[in-house]
Amino acid sequence: MASLTLRCDSTHLLPSRDVVKGTKPFGTSLVYPRIISKKFNVRMRVIPEEGDVFSSSKSNGSSMGIELQPDLVSFGTLAAEMIPTTMDSPEVEDEEFDLDRPTDGFASIPQAIEDIRHGKMVVVVDDEDRENEGDLIMAASLATPEAMAFVVKHGTGIVCVSMKGEDLERLELPLMVTRKDNEEKLRTAFTVSVDAKKGTSTGVSARDRAQTILTLASKDSKPEDFNRPGHIFPLRYREGGVLKRAGHTEASVDLTVLAGLEPVSVLCEIVDDDGSMARLPRLRQFAQENNLKLISIADLIRYRRKRERLVEFTAVAPIPTMWGPFKAHCFKSLLDGVEHIAMVKGEIGDGKDILVRVHAECITDDIFGNSSGGKQLAIAMRLIEENGRGVFVYLRGPESKGIDLSHKPRTYNTNSDQAEGVSFPVASREYGIGAQILRDLGVREMKVMTNNPAHYVGLKGYGLSISGKVPLITTP
């Protein structure tokens, strides 16, 4: 693939850049097929076949103009960093030279997209380094009674329909609980359940469920077309899809959009014959027996990040801190315009064994430091300074889980100040913005500073891996 390199003197920050927008496959300008850059003191690379989802750390600059090989620019995967003229920055090779190549034992994403387009189901595994749970997924607009009978026979019976927020709002389907009150393990965004009023009886049969799903998928449906509660469970899709949250909800809609269909999909977890959740070996056997494509969310992440981005680099500057000097790398979210900061210490080099902390913004903790969140921020920065090499990613705004200011003081009455949950760490499935930032900084293998025992899913899709975890010990 190609690379775009701009080298200018490093005496000024990036003043301006003109972007010619391209296609918008997911409703937001995530793909930039052409980039026209004015003079600025930044080195930029269009990274071959690279792109993005998680969080943490990551030539001298005489003016040379532009070196361009054009075939890669269409994917819009642009990384950029300000570089002092006195520093050398080694090129980081992409270990995953072909982001379209599926993981061994899995079908390719284009094969799955083609099946979705023709109304077939695919089996999607959430993360092969996690629990390997699999979902049956198909386009909601192509649902049939026969397909629903198959889903109910081989699934949990909880049939869900993943939808975008604007469609849920159009149908007046609110979340079952508010986001801050969502205690479900994976923070899946369930809305109230529904049945279609027309063409159904009890709502539970395969035919009735198919009718409800088709009604949900129809652009002509209205709020009054549904009974509440019912037997189909709509789920709210996170904008940005698997590049934002590495879950089945997002994967299912991404697949239907890539197939050129309405952004509404059916999904149901697969169970084994004994009623337990089917794991990867059994899922592979199940897919073969039923002639279904088996894909992983990690592969879908790789497929999308080759073509799209969620963040763009804006500037970098040296910043003195109470712990020592760092470089602040600023990135802007293309989803909501929120700017995030990566505080980098030392040289990323080969990207291995990097000490990393991903921290969600919390004003009361971070500024006033009265709870574990502020203490953990300070400890993480100190550890990075002592280590001489590391990255602290500070995710702002919506990335901090949308916690309102009134909610935080109420947590002080719960006696849970010692738990990391009070500091609102980023959910393990919602590292999309941070993962792209880390990848752009050159991070490949990291030691994550966290007190959270949860596994982080979807990292493989970004070429990221965790070599260890470092606890952040705070004192009362």
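Any Cβ shown, glycine's included, is placed from N, Cα and C.
The D-ribulose 5-phosphate binding site annotation in Swiss-Prot covers ARG130, GLU131, ASP135, ARG245, ALA246, GLY247, HIS248, THR249, GLU269 and rests on similarity to another entry. What Swiss-Prot records for GLU131, HIS248 is Mg(2+) 2 binding site. Marked as Mg(2+) 1 binding site by Swiss-Prot: GLU131. Feature annotation from Swiss-Prot assigns GTP binding site to ARG357, VAL358, HIS359, ALA360, GLU361, GLN376, GLU399, SER400, LYS401, THR450. The region 'DHBP synthase' feature in Swiss-Prot is assigned to 44-306. Residues or ranges marked as region 'Inactive GTP cyclohydrolase II' in Swiss-Prot: 307-476. The site 'Essential for DHBP synthase activity' annotation in Swiss-Prot covers HIS231, GLU269 and rests on similarity to another entry. Per Swiss-Prot, the feature transit peptide maps to 1-54; the stated evidence is sequence analysis.
Between the alpha carbons (Cα) of HIS359 (GTP binding site) and ALA246 (D-ribulose 5-phosphate binding site) lies a span of roughly 18 Å. For the pair GLU361 (GTP binding site) and ALA246 (D-ribulose 5-phosphate binding site), the Cα-Cα distance reads 21 Å. In this structure the alpha carbons, written CA, of ARG357 (GTP binding site) and ALA246 (D-ribulose 5-phosphate binding site) are 19 Å apart. Once Cβ contacts within 10 Å are tallied over all protein chains shown, the binding-site residues HIS248, HIS359 are led by HIS359. In the three-state DSSP reading, HIS248 (D-ribulose 5-phosphate binding site) counts as helix. Neighbour count (other Cβ atoms within 10 Å of the Cβ, all protein chains): 20 for GLU361 (GTP binding site). Just so you know, of the binding-site residues ALA246, GLU269, ARG357, the Cβ with the fewest other Cβ atoms around it within 10 Å is the one at GLU269. In the three-state DSSP classification, GLU361 (GTP binding site) falls within coil. Looking only at the region 'DHBP synthase' (44-306), the predicted model's pLDDT averages out at 80.
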